[in-house]
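S.K.: These came from TrEMBL, pasted as-is:
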type: ACT_SITE; residues: Asp204; note: active site, proton acceptor
type: ACT_SITE; residues: Tyr292; note: active site, schiff-base intermediate with substrate
type: DOMAIN; residues: 1-98; note: domain 'Copper amine oxidase N3-terminal'
type: DOMAIN; residues: 125-542; note: domain 'Copper amine oxidase catalytic'
type: MOD_RES; residues: Tyr292; note: 2',4',5'-topaquinone
Amino acid sequence: MMTIEDMVTATNAPLANADFNRTIVQRGVDLADLACLPISPGWYGKVEEKRRVIKVQCYIMKDTINFYMRPIEGLTVLLDLDTQQVIQIIDEGKNIPIAKATNTEYRFSSTQKNTQKINLLKPISIEQPNGPSFTIENNHLVKWANWEFHLKPDPRAGMVISQVMVQDPDTGKMRNVMYKGFTSELFVPYMDPSDAWYFKTYMDAGEYGFGLQAMPLEPLNDCPRNAYYMDGVFVAADGTPYVRSNMVCVFESYAGDIGWRHAESPITGLPIREVRPKVTLVVRMAASVANYDYIVDWEFQTDGLIRAKVGLSGILMVKGSPYVNMNQVNQNEYLYGTLLSENIIGVIHDHYVTFHLDMDIDGPSNNSFVKVNLQKEMTSPGESPRKSYLKAVRNVAKTEKDSQIKLKLYDPSEFHVINSNKKSRVGNPTGYKVVPGGTAASLLDHGDPPQKRGAFTNNQIWVTPYNESEQWAAGLFVYQSQGDDTLAVWSDRDRPIENEDIVVWYTLGFHHIPCQEDFPIMPTVSSSFEIKPVNFFESNPILNIPPNSPKDLPICKAAASA
């Protein structure tokens, strides 16, 4: 990974080059107004071999804090990261104006000066009269309800959840679910092949350090009042430790959701209304990788479900344009994105977030991956008034290639991880299943250099045997890598995975076609997947939890209306 020192050095180094300074001045820009960003170069050939290189592009801070919306388009500096020498300056945007700062501000203190304050909501807060239900022992061991796990901030992954166990309601014993889960890699390719954009195919964990980019969480807004905060302790380039304060927060969430319910119809004559609330434990971090902000949540439910959720927010990476209105654009010209404001194009791009899930269902060994495929079955003539039904067909993956999964809407399946040596009372193997949510698949050609490096997105699910050296989906060393040490390469070895210690890899995907609502800062868009018990418990594990009672809750009175 680059260090923070690498990034700072890269952004300052071009200013020592006279040709660069001359180019900036010729664009009519004051050097004091520059804000430059270090951009990982990917891998595109011999010119990048045998030296650490980085590309630098610059923006204008004048009249706005949101300098991302004022790019100096077409100007790219290729820099030797070790010698800090400029290798090449490419300037192909001299005729593209720099967008104005109008309407680019997003800070509350500044936006309220120019617009009327909008009060859509009255303040809301969740009160816990008896305090939180979770404890954190030895700074890292989280215990909540029927869950127990270890939590640590990590410079590359952001945060790591490990030694995850859930309590069996029948025996009271803690049972293993997952040895370790974390964000293994983030792949963000932009869809513009021009000279100033083709290389923008970021690996945010392996190149920049997802945890290194984590920012302190803002109380009451990033996390609610009842949150507990955990610092990250990392090392600088020279080995000096430093603290990233409030990097992770832990809190209980209740949004009026229902854990389970049933009410009887009046026709039965049974006056039954049984409802249980759903309270969730949330572990959260947020990383600001330059312009983009990622919010990662691990959510734990008392019914045994774990949810991994990713939210995208922050500021778009935009492209300068000569156009101020779409009526100026030739019908045959393709913009590679959307005209968001005058002289600003939001470029189409993807986000892929790959999770490493080292499953330990009732122990590390004897775990298998089972694809349960739903197939249409036709009835025989005269067998039934029905002509068809669905049949569940179970297939145990023998080797890695059996578990390379591309999700298909019209070929539905469930994806189970089972312990074949541990059975339920009625004889079903205990297990958990991976439940996909809304996601996207990469459409790039497999021979495209960025897709070779990001080949771990060729499938949405992979399963590999545990190997200590195989934790990072893009490889151990990602910066300027060529794609020869990725999850796809490991999986093609086709090793045995039945009744083994196995790792499940799941990729969340987003296609992003920017729109004007993303300007000047994006409302959060989220997606998630779940790890859910399947025959792991003998029955509903939250059958006996009590309902809420008025005597248990404080009575809060609303403030008098103005």
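Even glycines carry a Cβ here, placed using N, Cα and C.
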S.K.: Measure from the Cβ of Tyr292 (active site, schiff-base intermediate with substrate) and count the other Cβ atoms within 10 Å, all protein chains considered.
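M.R.: The answer is 22.
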S.K.: Quick one: pull the CA-CA distance for Asp204 (active site, proton acceptor) versus Tyr292 (active site, schiff-base intermediate with substrate), whole Å only.
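M.R.: About 10 Å separates the two Cα atoms.
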S.K.: Counting across all protein chains shown, how many other Cβ atoms sit within 10 Å of the Cβ of the residue listed as 'active site, proton acceptor'?
M.R.: 24
S.K.: From the DSSP assignment alone, can you count helix, strand and coil residues within the domain 'Copper amine oxidase N3-terminal' (1-98)?
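M.R.: Per-class counts: 31 helix, 27 strand, 40 coil.
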